[in-house]
Amino acid sequence: MDQSKRYVNLGLREADLIKGGRHVLCAYRMRPRPGHGYVETAAHFAAESSTGTNVEVCTTDDFTRGVDALVYEVDEAEGLMKIAYPVELFDRNIIDGKAMIASFLTLTVGNNQGMSDVENAKMEDFYVPPDFLTLFDGPARNIAHMWKVLGRPEVNGGMVVGTIIKPKLGLRPKPFADACHQFWLGGDFIKNDEPQGNQVFAPFKDTMRLVADSMRRAQDETGQAKLFSANITADDPAEMIARGQFILDTFGENASHVAFLVDGFVAGPTAVTTCRRNFPDTFLHYHRAGHGAITSRQSKRGYSVLVHMKMARLLGASGIHTGTMGYGKMEGAPDEKVVAYMLERPTAEGPHYRQDWGDMRACTPIISGGMNALRLPGFFDNLGHSNVIQTSGGGAFGHKDGPVAGALSLRQAHEAWMRGISLVEYAQGHPELRGAFESFASDADRLYPGWRDRLRIAA
């Protein structure tokens, strides 16, 4: 059934839709299956995403037609279609009238992902109008609150030096806590790796008690505040709340030094919102493990990394992993810095829409995945600043002189970049950074040709 007369209006102007403020706009790359027209398939897509189905139904009235999702732009050659969704379509909480990402996903990338006439469709960007934007929780905390705990300026406080305890699984409570203590002697921040929780060989409560003790000892020994991000992810919100409360009680006077890690992609919006609403005074660390199945550039379905990041900010993530933009081991490219800008800026330009975030607090980019001291300057050059949480697992624990030296090498690389000094030159007076060149020699050869001669290190 051709539904284009009802669900397509190519006379609508995007500028007018934005000015009107009553539509969420979504841009997709869509390809119909052979034998199906582009506009007709786009119309069916919009119908299935809003008020329609594959046949006309007798219960449809004029009000229903007034909230149809409408295809307002198509470029068949580029495979681009844009759809305007009236804000009235989206579900809202009965307890407080707030909007929900679950409803946004259900409409915009729900049944339309399995339609028989659609070969593939991937959302590349979306726009939220100002009034509707205020119905999302947004972040309660961000990197500024970490800087405050660390005693830094709350504006442009610089990189938070972090790590992930490795191996990601297999450490019992004491070795895990000992590794935390060692890193904290040189670094700022430690996170649970995403699968770490309450394994039989590492009971959650035993581990957290020992980590809290390691934090106290490291702070006493260094005179500096330390930070820990604890994984509270679970299927059951009650379990998440129980874990979170136990951690706050266990860390006691250092409760403000704790973040809560939530595996937001695999556990979903409910898990993120459970943390955001039950622990608004705690940094909400959104880990995106699993997202590549949907967001990868190789995938032609689902949604993009940018869409994922924008949803995380709406949900209330204090910080989210953004990848390393091609400078680490994970898939990515330098032009993905727009992802970080969309998280941290009050207004940012996406591939299709300019999003004004109004008064919504910024979300912090968390950088991880194959980073070490030698890779940081190039990353910061590309991003244009260093106001990120950076977590290096192998980059710290793979240092030839151990995790303390690894942490210090990361800090020294940041110092060199901030001062505009070449890394090789800075390494001449900083043994930990010099050790990073030896520890990650293949990176050194690629990024800093001639480093061995300048540092007088034999091959």
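Backbone N, Cα and C atoms are what each Cβ position is placed from, and that goes for glycine too.
The C-beta environment of Lys166 (active site, proton acceptor), restricted to residues of the same chain at least 6 apart in sequence and closer than 8 Å, consists of Asp193, Gly393, Gly394, Phe397. The active site, proton acceptor annotation in Swiss-Prot covers Lys166 (among others).
Following the DSSP three-state reduction, the secondary structure of His287 (active site, proton acceptor) is strand. Under the heading active site, proton acceptor, Swiss-Prot lists His287 (among others).
What Swiss-Prot lists as substrate binding site is Asn111, Lys168, Arg288, His321, Ser368. Listed in sequence order, Gly264, Phe265, His308, Ala312, Ile320, His321 are the same-chain residues six or more apart from Arg288 (substrate binding site) with CB atoms under 8 A from its CB.
There are 20 other CB atoms within 10 A of the CB of Asp193 (Mg(2+) binding site), with all protein chains counted. According to Swiss-Prot, the Mg(2+) binding site annotation covers Lys191, Asp193, Glu194.
In sequence order, Gly162, Thr163, Ile164, Ile165, Phe228, Ser229, Ala259, Leu261, His285, Thr391 are the residues of the chain that are 6 or more apart from Lys191 (Mg(2+) binding site) and have a CB within less than 8 Å of its CB. Among the features that Swiss-Prot reports, N6-carboxylysine is placed at Lys191, with the record citing sequence analysis.
The site 'Transition state stabilizer' feature in Swiss-Prot is assigned to Lys329; the stated evidence is sequence analysis.
Recorded residues Glu194 (Mg(2+) binding site) and His287 (active site, proton acceptor) have their alpha carbons 7 Å apart, per Cα-Cα distance. Annotation note: Asn111 (substrate binding site) sits in a helical segment as assigned by DSSP. Across the structure, His287 (active site, proton acceptor) and Ser368 (substrate binding site) place their CA atoms 11 angstrom apart. Apart from the site residues Lys191, Asp193, Glu194, the chain places the Cβ of Ile164, Ile165, Lys168, Asn192, Pro195, Gln196, Ser229, Asn231, Leu261, His287 no farther than 8 Å from the centroid of the site's Cβ atoms, the recorded Mg(2+) location. Take the CB of His287 (active site, proton acceptor) and look out to 10 A: across all protein chains shown you find 26 other CB atoms.
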